[in-house]
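Novice: Quick one: the structure is below, and I'll ask about it shortly.
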Amino acid sequence: MEETHNNRTSLVRGAKDIAKEAKRQAAKNFSKAVDRASDEYSSQRSYNRFQNEDEEENNYNSYTQQDGLYADNATNEEDGASSDATEGHDDEDEIYEGEYQGVPGYNDGKPRDGQVALGQPVSDSLKSHKELENERQADEEELAQQYELIMQECGHGRFQWQLFFVLGLALMSDGVEVFVVGFVLPSAETDMCVPNSGAGWLGSIVYLGMMFGAFFWGGLSDKVGRRQCLLISMSVNGFFAFLSSFVQGYSMFLFCRMVSGFGIGGAVPIVFSYFAEVLAREKRGEHLSWLCMFWMIGGIYASAMAWAIIPHYGWSFSMGSAYQFHSWRVFVVVCALPCVSAVVALTFMPESPRFYLEMGKHDEAWMVLKHIHDTNMRARGEPERVFTVNRIKIPKQLDELVEMQNESANPVLKVLFKIRAELRGIWLTFMKCFNHPVKENTMKLAAVWFTLSFGYYGLSVWFPDVIKHLQADEYASRVKIHNNERIEDFTFNFTLENQIHRNGVFVNDRFISMRFKAVTFIDSSFLNCYFEDVSSVGSLFRNCTFVDSFFYNTDIDDTKLTNSRVINSSFHHNKTGCQMTFDDDYSAYWVYFVNFLGTLAVLPGNIVSALLMDKIGRLSMLGGSMVLSGISCFFLWFGTSESMMIFMLCLYNGLSISAWNSLDVVTTELYPTDRRGTGFGFCNAMCKLAAVLGNLIFGSLVGITKAIPILLASSVLVGGGLVGLRLPDTRANVLM
């Protein structure tokens, strides 16, 4: 019995020893795994994760012998005196938990530079550019689907409406800038004594500035962000628009308006790209169309302010004869207010989360999306709802070749280098717009933008000029003609308007505190006459003779004395500069009122396009609107009166606005996020180029013929509409 008891005791002890040894070995293995992870992290060594389990012990012994870490491994295991931190490494420990199963990261699982691990993905440095592009494209498609679901979870509410009004102010500023050109042009050229050879440059140079601005700011928004670019571009516009109201020289005024146009050129491409990226698919078409209404509001605002301010000559002051601040300059300042308001409001809005994701900034995008979600949920009365998105797909970031620069370089050289790098990036992004699969769409969009803009802006110039021409013909038909009159010892202290005096004789007459408006004297004589405080607007003296006459504080100079003789007469304190007056100027009020009606006429079209954009489709609305606009041009044959031309202007604007709205939506949806601003900016630049050509071509045909403007506008609009119908339908697309 005692022998049996001793055997059992020995068996228990042996089992305990085995368990103790197994526990010690497990602790050693865990410690070795930690050591191995630390060693590999510090030395960036790579190991084969896949070894034959049958050879684990042999590999372990071989590894420890090669490293020389232990002289006698068996002794260390028996006495257990060695520190676990200095144990050797087994190949069974090659697969460990710490590095591969920690917090998920987008760079996890990537081999170190210059190494390729078996069973691991090939390093990006060993892949071709085409392979990387294909991977990025796959990531983009996955992100597009996920982002659509995220926006549906965030909902449509207070945040979108806040951004709607902020971006609306920016778009309103663009509309104001376009209308300011037409309203200010006559007054600015008169105030600055611009000769006929320089007239018309203001309109063209502003559109040229907008053309380059659209391309530059649109491309830059794809590199540095929508919000930041829009803030800078609007600030440039507001500053130089405000400055232009104070400059006195015409060349400096042109420069300020050109830079102002360059700034506002970025509004349209960035605003629509920015807003589309925070809208779900089912809301995008409708709300982008509602956003277009702010351009109409800008036109109405500019027309109303022009009607209220410019004709009021009393709204001005002067500092001597060198500095004049007339009412049209007050109008320019007032028109800069929407831009200033947009800049202030934009400072409180976040960057586009879709742009952040495109740049690989996951955390920033997540924070903005959470802000959108929480803002909308609080507005709905559901603040307890939690944003459930934890991780969002990030497209593969393709490294670009960047030229390194010495840190000690001149600051000016650093700035120039930065500008050159940004311009190069914009150009490379622009060239992507002509790569498959967007190349064909880019060409079609450019054609539609050009044709629609050419017809719209061309007719927008032609309509008012034709109305003015009709007014001038009617005004000329009411001219009063006086022949062979003789007036002696008479005082003229009232206004003479729209008259022609032939072979008249004026003896000992006095012209005091009076005005000549559209008065022409032909072959007339002025003997011993006195002129004091006389203004002459649109008046001339042709082949006239002045004998023993005295001129004091008048604007009669050599430019108004055509082939006239001045004998023994003197001029004192002549008025300098060009004289502006709007007293009882019916034509000025009429022009602003006509533009106001033309702008207001687009309201029904805006409402219809917003309500039907997602129902009948973008392409049907685009093509149908352009074709109908082209057909409506043929009714201009019957425009023989002012009222008929105004009606045709309102009809044309009402029909064409749906094409503009749908074109904005289609352009936004056709381009992927990484080139959306660039593509939209290029199309908008083509729009402004067409505006310049339309102004020049249609403006030169006013009063000459109706046939060419009508046929030209009709053909380009119908042709552009047919091209637009061949664009891909984007109604069901998610934003790529």
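Backbone N, Cα and C atoms are what each Cβ position is placed from, and that goes for glycine too.
In TrEMBL, annotation is done automatically, which means it is predicted and not curated.
Below are the features listed in TrEMBL for this protein:
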- 14-24: compositional bias 'Basic and acidic residues' (COMPBIAS)
- 40-50: compositional bias 'Polar residues' (COMPBIAS)
- 126-137: compositional bias 'Basic and acidic residues' (COMPBIAS)
- 163-731: domain 'Major facilitator superfamily (MFS) profile' (DOMAIN)
- 1-139: region 'Disordered' (REGION)
- 163-186: transmembrane segment (TRANSMEM)
- 198-217: transmembrane segment (TRANSMEM)
- 229-246: transmembrane segment (TRANSMEM)
- 252-276: transmembrane segment (TRANSMEM)
- 288-310: transmembrane segment (TRANSMEM)
- 330-349: transmembrane segment (TRANSMEM)
- 445-463: transmembrane segment (TRANSMEM)
- 589-612: transmembrane segment (TRANSMEM)
- 619-638: transmembrane segment (TRANSMEM)
- 644-666: transmembrane segment (TRANSMEM)
- 678-701: transmembrane segment (TRANSMEM)
- 707-727: transmembrane segment (TRANSMEM)
Novice: With pairs fewer than 6 apart in sequence excluded, do the transmembrane segment (589-612) and the transmembrane segment (707-727) have three or more C-beta pairs that lie under 8 Å?
Specialist: no
Novice: For the transmembrane segment (229-246), which stretch among 252-276, 288-310, 330-349, 619-638 has the most Cβ pairs under 8 A?
Specialist: 252-276
Novice: Ranking 252-276, 288-310, 619-638 by Cβ pairs under 8 Å to the transmembrane segment (445-463), which is first?
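Specialist: It is 619-638 that shares the most Cβ pairs under 8 Å with the transmembrane segment (445-463).
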Novice: With a Cβ cut-off under 8 Å, give me the same-chain residues at least six positions beyond the ends of the transmembrane segment (619-638) that come close to it.
Specialist: 448, 451-452, 455, 459, 605, 609, 612-613, 644-645, 648, 651-652, 655-659, 661-663, 666, 706, 709-710, 713-718, 720-722, 724-725, 727, 729
Novice: Among 163-186, 252-276, 644-666, which stretch has the highest count of C-beta pairs below 8 Å with the transmembrane segment (288-310)?
Specialist: 163-186
Novice: Cβ under 8 Å to the transmembrane segment (330-349), counting only same-chain residues 6 or more beyond its ends: which ones?
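Specialist: Tertiary neighbours of the transmembrane segment (330-349) are 162-163, 165-167, 169-170, 172-173, 176-177, 180, 183-184, 227, 230-231, 234-235, 237-238, 241-242, 244-245, 264, 298, 301-302, 305-306, 309-310, 315-316.
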Novice: What residues in the same chain, six or more past the boundaries of the transmembrane segment (589-612), come closer than 8 Å to it by Cβ-Cβ distance?
Specialist: 179, 182-183, 286-287, 289-290, 292-293, 296, 299-300, 303-304, 306-307, 310-311, 460, 463-464, 467-468, 471, 621, 625, 646, 649-651, 653-658, 661-662
